[in-house]
Amino acid sequence: MENAGDPVEQKECSERKRRDSFGILDGCDSCSEGSSSSCSSEDSDEDACPLPASLPVIKTNGQVYTYPDGKAGMATCEMCGMVGVRDAFYSKTKRFCSVSCSRSYSSNSKKASILARLQGKPPTKKARVLQKQPLMAKLAAYAQYQANQHSQVKTKAAVPQDTFDWGDYIGTGDIKGAPVSCFKHAPMGTSWEDIAEGLRVEVLNSDNSFPMKVYWIASIIKLAGFKALLRYEGFDSDAGQDFWCNLCVPDIHPVGWCASGGKPLVPPRSIQHKVSNWKVFLVKRLTGAKTLPSNFSAKVQESMQIPFKKLMRVEVVDKTHLCRTRVALVEQVIGGRLRLVYEESQDGSDDFWCHMYSPLIHSIGWSRSIGHRFKRSDVSKKLEGQVDAPGQLFAKVKDVDQSGDWFKDNMKLEAIDPLNLSAICVATVRKVLADGYLMIGIDGSEAADGSDWFCYHSTSPSIFPAGFCEINNIELTPPRGYTKLPFRWFDYLSESASVAAPVKLFNKDVPNHGFVPGMKLEAVDLMEPRLVCVATVTRIVHRLLRIHFDGWENEYDQWVDCESPDLYPVGWCQLTGYQLQPPAVQGECPYKCPFKCLSECPVCFKDSFLCVLLSHFLHGFK
């Protein structure tokens, strides 16, 4: 093989390989080929919520704050440092002043957010409250001066995708990834049934020094979503050279691909000496074995085609007022996820991420057709290339018969709170719309003008009959301020002079979804929908999944339907080029603060924000 570079020799070798049913090249060395992918994520900013008129307004350094009324107790936001009325804070533990602050408190943004605060910047996403503590303001001002002196201004940055490896995370143990067949909306979701352990494929041979791509046959040892743990044929029970790869990448092929395309099959260098005749060995091993369909690669490409295009117009929920929709333009499409920019956004920063099959987006004219509130756009001139997205591109809902016994205004039910997806709450039908749609309000938390009502279809898996939580041993969140605990539906209906929505009106279909507790997957953080995170299914109630974000506290868990388009198989981000958020890691504090305070630091969960500041004063910025 010394003359491998000679054109004549290469041609003759190529002809011999075409005649060889396996395309085997004996005794060759290979070179390893590596590939990497990178992607980016977009930040999204929400508008500030209006300040309550009952609170006196003050101004400090051009920023508006309000004094709490002093009656309900105080709390301090661990994200932005704002203080205010405890009851107005988000989450059960009242650690954050808003949903945005709660979700921005992530493994990717902790350090950058702290530095932003040190530089005296306001929170990235405006909080609804409150007054910054004077001491914090002074310390932050001094910290900003120190930062400027050291020219160490840092901005929020996404964690590079290649810092997290699903193969290392899952390993060879009992951890399982949800099968691709569980995700009908994902690429290959309806064509994955025949992909199983034991399947043979032709893959790049990395145990080689030959100066071109060569291949060898491997068997699937373990499956996790799109990812497969492979072992080269000939290694038998030796797992030393096992490796993970995504089955849908271009260099994975069915057995026979090398022979039909004249590609060399080369046994790994470390086991070449074990077998004297590799052709006979492969014939014996592959007889009766299964492989990928011959059109597997074409199917993958076909399943990744997305009908939505840039500048298509849609109606989407207004993220600042859930009760209404607005017109938005498709700005970016990644693997079926759409970055929508509200039509009135001047700089394109007022955006919203969702999947193309999300129940939150609709065709132009949908709101008017069902009687849903809609914010008209002030934009009179359309951009060149704008077109209304065709109606057939959107997810379809079941037809329902609203005549006779149907939902009525003020009926009670249980519903997942769209502003706190870890909670199922006592709720009320506030308005019955056309085509089976309902406006729902969370009891005890509604705005006087109904701006926080939200729209669910009557067949939605996110609404439940009264008593659902009790029957299924799920904690039901009672109305805010309701003191007669434990909550009992019979008492509450009697006290409120209301009736529960009939059980027969709710969706009782439970598909054979295939999920089991403990399965790993990639899931959208619906409180920060641009983020797709490493997650685990921790509980299943009929068709409802409890999704836990790895590395996070349980209070950030979310209830999600088994057919939600915001759930994806392991390896989906790698396949589509979307940014995957790795699990949060609780490491040592990088600030080496010598002081210990009562509150927790957003970086190390041990030292407070004050500790971080004092540490900088003592040691300087790093």
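Cβ atoms are placed via backbone N, Cα and C, with glycine included.
The domain 'FCS-type' annotation in TrEMBL covers 68-103.
Under the heading repeat 'MBT', TrEMBL lists 164-268 (among others). In the predicted model, residues of the repeat 'MBT' (164-268) average a pLDDT of 93.
Annotation source TrEMBL lists repeat 'MBT' at 276-362 (among others).
The annotation repeat 'MBT' is assigned in TrEMBL to 364-479 (among others).
Under the heading repeat 'MBT', TrEMBL lists 487-583 (among others).
Counting residues of the repeat 'MBT' (364-479) by DSSP class, helix then strand then coil, yields 15 helix, 37 strand, 64 coil.
In the repeat 'MBT' (487-583), helix, strand and coil residues by DSSP number 18 helix, 30 strand, 49 coil.
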